[in-house]
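Take a look at the structure below.
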Amino acid sequence: MWKEKVQQYEDQIINDLKGLLAIESVRDDAKASEDAPVGPGPRKALDYMYEIAHRDGFTTHDVDHIAGRIEAGKGNDVLGILCHVDVVPAGDGWDSNPFEPVVTEDAIIARGTLDDKGPTIAAYYAIKILEDMNVDWKKRIHMIIGTDEESDWKCTDRYFKTEEMPTLGFAPDAEFPCIHGEKGITTFDLVQNKLAEDQDESDYELITFKSGERYNMVPDHAEARVLVKENMTDVIQDFEYFLEQNHLQGDSTVDSGILVLTVEGKAVHGMDPSIGVNAGLYLLKFLASLNLDNNAQAFVAFSNRYLFNSDFGEKMGMKFHTDVMGDVTTNIGVITYDNENAGLFGINLRYPEGFEFEKAMDRFANEIQQYGFEVKLGKVQPPHYVDKNDPFVQKLVTAYRNQTNDMTEPYTIGGGTYARNLDKGVAFGAMFSDSEDLMHQKNEYITKKQLFNATSIYLEAIYSLCVEE
């Protein structure tokens, strides 16, 4: 029944999704304003969702242009559906323009198809179809739309300062059948304090180093600019050998007497950096072989001592595992250095319930002082957990099982979704076990089958939660 309902809307679903995907809704602080708190792209995507909601007869409520909601249903309790329309930067290497959606016979290709614009449109159409069916709602629905999920969650922080907290809810921003627990997440900077000037002449001076754009992405590109005082050819040959030995792509050029070294890695979501290749850490590994100036030497030595080849916090003394939630993970997402201001490592750390976060950070902060580094802690989100046997979770899982015959149990993840904003919040779809996960990677796509099947599952689940009860 539900799949047949969705079939009647397939063309509309694709057209509305294409319109949303065409908006480059990447956070841009340089263009932020009161009207566009995280830049014009995210604001435009939020307005787009309001426009299609108004077209279809729904009411909306805007919260300072950084978040808002689409309203449906009636009743005392509120089901929250928490989505986001911002996306991570596209990066390089796409086979098509990431913001000009390509629709093939069986897929849609663009940045945001999986994370989170495709699932957002799927959830929206589930609500729209039920409204078109004139169902007798027993709950209200707030489809809450954020614009800063990929960075600092300013959107939901602002939203929940003044707006009603849903009784229960889900975020269509992960996988089926249901994610009932999420690791704690924090970002922090390891900031280098500048050392005294060199007493002895070094052979090489690191002028600048840059790798990574987002704390929650493994950097796939790194660039170092090095002043080489002698033996330029030897350095280039050593670098080429290093690339070959480590199965890496990279390049070396000379720009106005400065040696420019680049390394290409593999970008993946920061919740599991072990499956990516961190270009920045590899390039620092090479630089450690050079007789660099004091500051640079301390910077690259720190990377090798604590960060390189340590995706589970081993070198930082933070290795920890639980059977329910898995391991601590550490993603070094941003690395910068210049010879005027010294360096910085931007880290995204995720941890399971039971990890003594404050104790571990205090110990680490004290330990690294001797190497000229300090910790600047950002936002800390504690682990989030809902019992998988809760009736709410079971209703979601039942809708999934009815349509897929897949009896996989709900599980926990290292990723963080808006679900953790709610006491009784879980992540629910929209990826299936056979979906290719290209979130935060080039050539991100969603299959039409996945898009329509997710819509159908959301349709049944929302009906079960908001109409039958």
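Just so you know, glycine gets a Cβ as well, placed from its N, Cα and C.
For the Zn(2+) 2 site, Swiss-Prot records His84, Asp173, and the single candidate of Asp56, Asp115, Asp203 listed with them is Asp115. Record check, Swiss-Prot: Zn(2+) 1 site residues include Asp115, His440, and the candidate from Glu150, Glu409, Glu468 also listed there is Glu150.
Here the Cα atom of His84 (Zn(2+) 2 binding site) is found 9 Å from that of Glu150 (Zn(2+) 1 binding site). Across the structure, His440 (Zn(2+) 1 binding site) and Glu149 (active site, proton acceptor) are spaced 13 Å apart at their Cα atoms.
Proximity of Asp86 (active site) to non-local residues of its own chain (separation of 6 or more, Cβ distance below 8 Å) is seen for Ser25, Val26, Arg27, Val38, Gly41, Pro42, Ala45, Gly146, Thr147, Asp148, Glu149, Glu150, Ser151, given in sequence order. Apart from the site residues Asp115, Glu150, His440, the chain places the Cβ of Val87, Val88, Gly112, Asp116, Glu149, Asn216, Met217, His269, Met439 no farther than 8 Å from the centroid of the site's Cβ atoms, the recorded Zn(2+) 1 location. Ranking the recorded positions Asp115, Glu149, Glu150, Asp173 by other CB atoms within 10 A of the CB puts Glu150 at the bottom. Taking each Cβ in turn and tallying the other Cβ atoms within 10 Å, the top scorer among the binding-site residues His84, His440 is His84.
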